[in-house]
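Taken from TrEMBL as is:
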REGION    1-107  region 'Disordered'
COMPBIAS  20-70  compositional bias 'Basic and acidic residues'
MOTIF     136-164  motif 'Q motif'
DOMAIN    136-164  domain 'DEAD-box RNA helicase Q'
DOMAIN    167-357  domain 'Helicase ATP-binding'
REGION    536-599  region 'Disordered'
COMPBIAS  544-565  compositional bias 'Basic and acidic residues'
Amino acid sequence: MVSKYVPPHQRNGTAGSAPEADRNASGRSERGKGGGGYPRDRDGSSFEGKGHDGKGGKSENSERYGEQKKSTVFQMQGAGGDWSQRFGNKRRETHTEEEVFGPAKTRSTSGIDFDKYDAIPVQVTGENCEDVKPIVRFSEAKLVDSLFDNLRRCGYDRPTPVQKYSIPIVLSGRDLMACAQTGSGKTCAFMVPCLESLLRSGPPKDWNGGSRARPKPMPCGLCLAPTRELAVQIQEESKKFAFDTGIRCCIINGGTDMREQRSELEGGCDVLVATPGRLTDMFERQYLSLGCVQFFILDEADRMLDMGFEPQVRQIVKQTDMGRWSTVRLQSMMFSATFAREVQVMARDFLNDYLFIKVGRVGSASELVTQKVVYADDGPQKVRALDKVIKDHCPKEGLCVVFVETKRGADALEIDLHQRNVSVAAIHGDRTQTEREEALAAFKSGSNPILVATDVAARGLDIPNVSLVVNFDMPKQLDDYVHRIGRTGRAGRKGTAVAFVNEKCSYLHDLYDILVEAKQETPLWFEEMVRSARRMGGGKGTGRRAERFGGSDIRSTEEAGKKEGVSSSVSLTKGPPRAELPVGRSPDAFGTSGLEDAW
Ligand SMILES: Nc1ncnc2c1ncn2[C@@H]1O[C@H](COP(=O)(O)OP(=O)(O)OP(=O)(O)O)[C@@H](O)[C@H]1O
């Protein structure tokens, strides 16, 4: 249903912040009530015993579950066979092709300039990286027919650069950290090889170890996403790739009824997409087991680790039964468009002997996005400026996302625009999940073509018709700027991003670098503002941009530093030359400690 505008003060505003909402929406009181679904007791106890101790180390479950069950489960894994035959009866696809993929005419790839994509430089680093043989066509990956057909149904004729590398890397069994520009097809890059491996190996046999009790949901693939909306999107994409394969993709995310999600899982869950809070919650209630997980994916991994989810991710990795019963090694993957150095350091705890791929200039903006800067003082005139920018840069059928810094700011701007008769919806962390979903639906359908959003919508959301992104308030960090503007110019399409800047922006110099790198025009007033910020000691290039963005595999840098056996690295495509130094810039701003290229 498309949302109807209701001013914030008339809303009941019951939702809390995201993690709170995650908990409240389902209510802990549900615990132990029974009411259908998987019986907690199979043999007098729950499937995993009395549950996970939450303290780290070996959990009580694993001790109790012990060798007896373990041996049964070990026999299950990788037994080959047909996923759709798992429960005796053939599991039929419950949705039609059109329901899953949308009308055929909307699936065309026209507009994607693959030749331009092919020129994007890619670098692979890590042990034996020279063994990586990228695919040029999907057919080279020898995907099972059903998966291959689904790519065709999606309208994917050729793999994007990140897909060319990640598909063979994951299929070869390696862990992976992948940095690729926004909108470059990372979802397919991690989900397709994961599904392919599962399809090749077949479902775990004898799912419930011969017991007559219904088994606890035990996904073989787990993907974590930082926001509920992104999780929904990943699950929707995954369902397309897994269409008619017998593999079932489910979602558990905050703000949604936990009972419904639980019964959904109990209908069979082979690949699970989850937000970290809801997953830990449901795991602690023993609604599912992660013991069979063979693939662990962190999408927008830097966001997840950087923005406070680290303890939850650690808990999921170290303190659950993840992968414990799998006969194959747990394979882990991390994907993002930006990877700060400190996040890479943290990430190493979750990866094993991983390959690192970077596509294009990591952490830089796609050249498909035309970036503009507009000078704007904070104050009422900013809304007038926004009005003008929308009129000038948003085509008739196009959609526009306006990013603001605070939830209150989002509410205020929504009211302001509404009073100017602009059809607008807003999305932020204090809105209920229903309101968030309605706002997105109204935006996607075009009935509210302007979406005012906080950073809750900055990452991962893939809405094809977004032709304009306005940074009404500049984000605090430059990587958020990159992700925000990546909501347009996706999958080869063009878009415009307008930034409202003034002297208060703390990274003017780095912003300037981004514009120059992406071959964008920089107005004279902006160059002067950058220079004067530099003179005043503010807004200057930190020289750490590459570090913040993880412009390179930190292992290579460390090894090079030690000057002993630098980890191997291959540049597989040649990149364009570096940007010229602009007049008035000191060389060190672009020096070795500054921007790093991806090649
Ligand atoms: N090989 C392909 N051919 C055509 N379209 C593709 C291909 N791969 C992905 N796409 C499309 O490109 C769009 C962007 O993909 P996706 O959302 O996975 O990008 P992303 O890299 O994860 O972006 P972000 O960094 O913003 O999360 C989607 O609409 C997807 O359907």
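In case you wondered, yes, glycine gets a Cβ from its N, Cα and C as well.
Please treat TrEMBL annotations as automatic predictions, because they have not gone through curation.
Sequence-distant neighbours of the motif 'Q motif' (136-164) (same chain, 6+ residues past either end, Cβ-Cβ under 8 Å): 97, 101, 107-109, 114, 117-118, 120, 122, 171, 178, 180, 184-186, 188-189, 192-193, 195-196, 199-200, 240-245, 357, 359-360, 491.
When pLDDT is averaged over the domain 'Helicase ATP-binding' (167-357), the result is 88. Applying DSSP to the motif 'Q motif' (136-164) sorts its residues as follows: 18 helix, 0 strand, 11 coil.
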